[in-house]
Amino acid sequence: MRNIFDSHAHYEDAIFGEDCWPVLDGLQRQGVSRVLNCCSDMGVVPRVLEIARRYDFVWASVGVHPHWTPETPADYLDGLRRAAQDPKVVAIGEIGLDYFWDDPKDLQMRIFCEQMELARELGLPVIIHDRDAHQDTYQVLERYRLPGVVHRFSGDLDGLRRVLDLGMYVSFGGDITHPQYRDMPLKAIEHTPLERILLETDAPYATPYAQGQRRCDSSMLPEVVEVIADIKKISCQELCDITYQNACRAYHIPE
Ligand SMILES: [Zn+2]
């Protein structure tokens, strides 16, 4: 397989450390043509920009993940606005709500909405994190109606319809290869038009099943491609090509 676009990875993550460089150096040889390196808190913004500047095939987003909202400095919006001036920054993310952990919900909601407003001001798409917070997340998405991606989609079919009605993309990763999680994501894939599907690893986190406990990177996407191509009854290469074009469109990246 070639022409793979990993629409959501975290090569700035401490789990990679300095090992991110050899991993990134090898990706194009393994069929990965593009990576969107997604930011998760203010502390890693410089590293995210450094990675995107070093590689022609890597783009970046900037934003604060709901889990990191308690550590967020008061002037964070100025920092994001400044970082977004970099030509490799093509989205605001990942932002959203996470009710799995115990972070204060009102703080998460305030920082989510402030970043939605920033994305609207800057004319950038958003990358949405929604964990166990579906209804509140969809309400915010419906209030702002911004273009973007809901990553590692985990809602039900009604939620999927609401997201698709907004014109947003939905991304799927290694979760769909795990027998214990598959049912709902597989149904969601069935009901998502091909032109709205993106591939992602959420590297180093969403490791495909056959890789066991290993740290995940973008070269592991073929296992995810096989599952989706099978559901959609097209070849793996067709799926790579279509999802590549989808991600370029979603993030306004030249093909
Ligand atoms: Zn992520």
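Here the Cβ of each residue, glycine as well, is placed from N, Cα and C on the backbone.
Where the annotation comes from TrEMBL, it is an automatic prediction and has not been curated.
Listed features, source TrEMBL:
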BINDING   His8, His10, Glu94, Asp202  divalent metal cation 1 binding site
BINDING   His129, His151  divalent metal cation 2 binding site
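Here the features listed in TrEMBL are placed on the structure.
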residue	record	DSSP (3 states)
His8	divalent metal cation 1 binding site	strand
Glu94	divalent metal cation 1 binding site	strand
His129	divalent metal cation 2 binding site	strand
His151	divalent metal cation 2 binding site	coil
Asp202	divalent metal cation 1 binding site	coil
For the binding-site residues His8, His151, which Cβ has the most other Cβ atoms within 10 Å, all shown protein chains included? His8
Taking Glu94, Asp202 as the binding-site residues to compare, which has the smallest set of other Cβ atoms within 10 Å? Asp202
For the recorded divalent metal cation 1 site formed by His8, His10, Glu94, Asp202, which further same-chain residues have Cβ atoms within 8 Å of the site's Cβ center? Ala9, Cys38, Ser40, Gly93, Ile127, His129, His151, Glu200, Thr201, Ala203, Tyr205
How big is the Cα-to-Cα gap, in Å, between His151 (divalent metal cation 2 binding site) and His10 (divalent metal cation 1 binding site)? 13
Can you tell me the CA-to-CA distance separating His129 (divalent metal cation 2 binding site) and Glu94 (divalent metal cation 1 binding site), as a whole number of Å? 6
